[in-house]
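Colleague: Pulled these features from TrEMBL for this protein:
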BINDING   107, 112, 117  oxalate binding site
BINDING   110, 112, 117, 161  Mn(2+) binding site
DISULFID  31-48  disulfide bond
DOMAIN    62-215  domain 'Cupin type-1'
SIGNAL    1-21  signal peptide
């Protein structure tokens, strides 16, 4: 009986060791290793301030109640609150944002590679949705809903999603992320506006359209013309 107890304890200790030995969740797209620290040192997150030197201001962000300017092509504006402008969030694994929408404003299809997003509508009426990764039959399923003030909707990590104000008045949502640096990849910008550009032969074959169509789309998302 004692041997069984000792074996169980050993297995639990091994499981605990494996759990703590795993790498932390990445907070950036990549982290290239260097042998010489003089080449530049970046950490997966931010360096920590001496706790003795921390102040209340390190945990305070003001002004999220202020409406943002939505006078742009998409008619929306994202105010992100993360460890870059609220240092106390560093290592806590969360961040948040306010999104303002003009009437019929859009937060275009995009993904957050490192975070799940939870959205709460404060004002307005929005049509929102996300698309699944490829299903066994090669298709993708859309999950969408029309949201009103007080409604909450979840966008799973890494999946393409969007928010569209279908009302005649401005809309405001508050979102939270399961990462201090969720990252964002706006689909149209990433495909038609990267530097250097993706080969036009790749894009014409992928979208099964004429080169003129691709060139027109690239002109909309070229550097300096992005949302």
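Easy rule for this one: first residue shown is 1, then count along the chain.
Note: Cβ is positioned from N, Cα and C throughout, glycine not excepted.
Heads up, TrEMBL stuff is auto-annotated, nobody curated it.
Just tell me what is around each of these and how deep it sits.
Modeller: Within 10 Å of the C-beta atom of residue 107 (oxalate binding site) sit 25 other C-beta atoms, taking all shown protein chains into account.
The number of other CB atoms found within 10 A of the CB of residue 161 (Mn(2+) binding site), across every protein chain shown, is 23.
Annotation for residue 48 (disulfide bond): spatial neighbours 90, 91, criterion Cβ-Cβ under 8 Å with sequence separation of six or more.
Predicted-model confidence for the domain 'Cupin type-1' (62-215) is 96, expressed as mean pLDDT.
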Colleague: Of these binding-site residues, 110, 112, which scores lowest on Cβ atoms within 10 Å?
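Modeller: Counting other Cβ atoms within 10 Å of each of the binding-site residues 110, 112 gives the minimum at 110.
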